[in-house]
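Heads up: the structure comes next, in structure tokens.
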Amino acid sequence: MKLLHIDSSILGARSVSRLLSSKIVEQERRLHPALDVVYRDLACDCALHFSAAHMAARAGETLQGAELCSDLELSQEYLDELFEADIIVIGAPMYNLTVPSQLKAWIDRIVIAGETFTYDETGAVRTLLPPGKKVIIASTRGYVYRADTSTAALEHHERFLKGVFSFLGLRDVTVVRAEGLALGARTRNAAICHAQVQIAAIRP
Ligand SMILES: Cc1cc2nc3c(=O)[nH]c(=O)nc-3n(C[C@H](O)[C@H](O)[C@H](O)COP(=O)(O)O)c2cc1C
């Protein structure tokens, strides 16, 4: 069994999403002792912005430059890791109301028509990914965006991630959330404890 562990926080050792994603992986290792874990730290190993040069390469034009060549190799690694993973754990902080641009850059390389999904003539989307994958998102944010708050409409973070995975046919998505992390030590500690309870409740 394979697990793909992705982090995207730029806050290093102070990152809460990194703490939570590592706790989730620890727990998955306990649940599946033979688990094979592949780790990607997008904060230091991030794909370039998808560009006109990438589109040209995809259309079969000759590759220009070493940077583009190695970036396209990285893209292929992202795709291979996604196809092979049974469990995908993503540390996903909210930055400027959505996911970090590093995580968006990863998404830009895995949501590809003809590779991970296809449309049929009726307009229906069909996944090209193997079935049975489980996704666990460690969601962290400074403020609060629950449905009963006045900021709920600004929630383009979990909704976006769930939308992307649903589009790719991945419906088994669990969100572990710690929010209100910027609202003082008490709220922050309570949010982290609550997230750890959510992690303990995850079942195989
Ligand atoms: C660049 C940046 C942008 C942020 N933007 C938001 C935001 O739009 N809304 C919010 O609630 N918190 C925001 N925050 C706070 C983070 O969501 C919070 O610090 C959270 O702990 C980040 O997860 P991390 O600790 O894993 O990096 C931002 C933090 C940073 C560093």
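Glycine is no exception: its Cβ is also placed from the backbone N, Cα and C atoms.
According to TrEMBL, the feature domain 'Flavodoxin-like fold' maps to 1-199. The annotation FMN binding site is assigned in TrEMBL to Ser9, Ser15, Val16, Ser17, Met94, Tyr95, Asn96, Leu97.
On the 0 to 100 pLDDT scale, the model's mean across the domain 'Flavodoxin-like fold' (1-199) is 96. By a simple count of nearby Cβ atoms, those within 10 Å, the most crowded of the binding-site residues Val16, Leu97 is Val16. With respect to Cβ neighbours within 10 Å, the binding-site residues Ser9, Ser15, Ser17, Asn96 differ, and Asn96 shows the lowest count. DSSP assigns Asn96 (FMN binding site) to coil in the three-state reduction, outside any helix or strand. When the neighbouring Cβ atoms lying within 10 Å are counted for each of the binding-site residues (Met94, Tyr95), the highest count belongs to Met94. In this entry, Ser9, Ser15, Val16, Ser17, Met94, Tyr95, Asn96, Leu97 make up the residues listed for FMN, with the farthest two CA atoms of the set 17 Å from each other.
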